[in-house]
């Protein structure tokens, strides 16, 4: 598929997600990085978002809970180019009833080429990257070209 360049502003839209067994770790991580996260627009799946907002005082737009459709809502926002970064503290040791939704979320994040952190260490690397607070361009699918080819 052909690609085009998508501009991501210095002020990012960041999705924060955590499986149940990882929620406290994400809360602690968010508290440690509150100053770095404050200038950005924050989204989260339902329970995680409400817990993060309560514990950190950050303004977080909480979507539905992951198993109730929140992962798919985030995937939709990624496809609409409204999410720039996904931080997902994922538990690889426990199956969740919405594992297919999680797989779909990861697939969409990969299709739209956004940075993804799946644990504390990768989130630390992402947050400390020189590009984190800069405007950048990323290659994304040329959906308009794709659609034009399909309709020709």
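Count begins at 1; order follows the chain as displayed.
Glycine too: its Cβ is placed from the backbone N, Cα and C atoms.
What Swiss-Prot says about this protein:
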- 6-152: domain 'MGS-like' (DOMAIN)
- 19, 23, 45, 46, 47, 48, 65, 66, 98: substrate binding site (BINDING)
- 71: active site, proton donor/acceptor (ACT_SITE)
Could you say which of the binding-site residues 45, 65 has its Cβ with the most other Cβ atoms inside 10 Å?
45
Most distant Cα pair in Å, residues 19, 23, 45, 46, 47, 48, 65, 66, 98 binding substrate:
16
